[in-house]
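What Swiss-Prot records for this protein:
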{"type": "DOMAIN", "residues": "2-119", "note": "domain 'MTTase N-terminal'"}
{"type": "BINDING", "residues": "Cys11, Cys48, Cys82", "note": "[4Fe-4S] cluster 1 binding site"}
{"type": "DOMAIN", "residues": "142-377", "note": "domain 'Radical SAM core'"}
{"type": "BINDING", "residues": "Cys156, Cys160, Cys163", "note": "[4Fe-4S] cluster 2 binding site"}
{"type": "DOMAIN", "residues": "378-444", "note": "domain 'TRAM'"}
Amino acid sequence: MKKLYIKTFGCQMNEYDSGKMADLLHADEGMVMTDRPEDADVVLLNTCSIREKAEDKVFSDLGRLRELKKTKPNLLIGVGGCVASQEGQQIVSHAPYVDVVFGPQTLHRLSDLIAKRRETGLFQVDISFPEIEKFDHLPASRQTRGSAYVSIMEGCSKYCSYCVVPYTRGEEVSRSFDDVLTEVAGLASKGVKEIVLLGQNVNAYLGKMGDRQEIADFALLIEYIVEIPGVERIRFTTSHPKEFTQRLIDVYTKVPKLVSHLHLPVQHGSDAMLSAMKRGYTALEFKSIIRKMRAVRPDLTLSSDFIVGFPGETEADFEKLLKMVEELNFDNSFCFIFSPRPGTPAANLHDDTPYEVKLKRLQTLLALVESQANQISQKMLGNIERVLIEGLAKDGINLQGRAENNRVIHFTAPAQNIENLIGQMVDIRITEVLNYTLRGKLVEAYVH
């Protein structure tokens with residue numbers, strides 16, 4: 001039986017795509033996954049180009065795979081994702097031992113590309129943008145319990161000045177309303193309890209409803225999904241403040257299964273920086289969204305993405321960012337120093353801020369966010385949290401799962417119950433706060 005190894009870089013969209021690659025090659029060629037590239041017949045790197053560091057890791061991994069291919073000449077190496085979309089033929093020029101290069105929108109052609117490589121002996125490159133065709137050619141997910149990603153749209157039409165996504169994944173295109181509901185219903189019928197809706201700007205969703213001329217927005221989609229039997233929890237990522245409508249806020253008042261955790265990237269707290277980034281909203285408008293959300297969900301936890309050291313960022317700009325973070329009380333968030341990406345407008349902006357200053361600002365921001373996150377964790381001590389069990393923790397002994405606020409929680413369960421608990425919702429009493437996780441005890445009477 002042929003074995004497949006996939007290494008995934010970057011966002012949840014890439015994780016979803018990697019799962020689809022595995023499903024596709026299992027359906028077409030009977031391939032099974034391995035966690036060791038040395039044992040694989042096919043190795044795929046699903047890449048991310050959002051920051052230079054992630055891109056560098058890909059080429060570092062390719063260097064190691066070159067050595068592996070010397071010992072396994074029949075090993076097939078494929079590069080997919082956003083670096084593949086951005087670099088295309090250059091990947092093969094840089095690493096001629098790569099066999100297949102494919103973009104996010106052509107992963108459904110992966111089996112054909114592999115077959116052509118084997119038949120012709122020629123490397124294959126397909127980084128075209130056939131809109132959302134791939135969803136018509138991918139097999140159903142094999143996920144049977146727990147949580148599952150469902151991609152509802154692809155691409156981005158916002159063109160923020162620093163971001164490569166519109167160039168690597170194309171413009172925004174939504175899947176049809178009926179297709180999304182069919183996929184969700186199929187997953188729920190197999191035992192999946194939590195649905196995570198995915199898109200680069202997921203709340204910009206506008207899906208065609210059957211043969212009608214009507215279009216469903218994101219709020220309506222959620223209202224329909226919650227009615228599907230078996231769906232117990234709904235999340236979504238990543239949303240954009242510009243598309244965070246009052247209709248979507250109103251859904252939070254009607255759909256308790258929509259979690260009280262929101263990841264909403266703000267990027268900065270200074271209007272000057274937000275304008276330079278071409279984000280399309282002001283700091284005040286972002287704050288207004290959060291205040292409205294907390295009015296309908298007082299227990300809402302908020303995480304975000306932040307960029308420091310953007311070209312032109314002054315100390316006053318940075319202080320405005322810190323003030324916003326203090327005011328809105330963010331949970332665990334992603335904080336980065338600006339990474340200029342080739343082909344984006346921001347890459348050409350004059351940047352005279354020393355790296356040491358940027359690094360100090362990053363450390364200051366991280367300390368503030370981590371302090372706020374720790375306070376949120378401390379407030380959970382003694383609480384009983386509804387937790388969806390994902391599987392064994394890294395120690396191989398404890399189980400781990402996620403609470404509604406996306407916190408990872410570890411707990412011990414009797415050995416004979418472990419397999420039965422995976423994929424289930426259970427109630428856990430929080431007993432200890434660690435650096436990045438919580439520990440708790442299973443409340444025996446409350447297994448759902």
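Backbone N, Cα and C define each Cβ position, glycine as well.
On the structure: features taken from Swiss-Prot.
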residue	record	contacts (Cβ under 8 Å, 6+ apart)
Cys11	[4Fe-4S] cluster 1 binding site	Cys48, Ile50, Thr238
Cys82	[4Fe-4S] cluster 1 binding site	Gly10, Asn14, Thr47, Cys48, Ser49, Ile50, Gly103, Pro104, Val164, Val165, Thr168, Arg169
Cys156	[4Fe-4S] cluster 2 binding site	Cys163, Val165, Pro166, Arg169, Glu171, Glu172, Gln200, Asn201
Cys160	[4Fe-4S] cluster 2 binding site	Gln267, Met277, Lys278, Arg279
Residues close to [4Fe-4S] cluster 2 site centre defined by Cys156, Cys160, Cys163, Cβ within 8 Å: Lys158, Tyr159, Tyr162, Val164, Val165, Pro166, Gln200
Structural state of Cys82 ([4Fe-4S] cluster 1 binding site), classified by DSSP into three states: helix
Cβ atoms near Cys48 ([4Fe-4S] cluster 1 binding site) (within 10 Å, other residues, all chains): 21
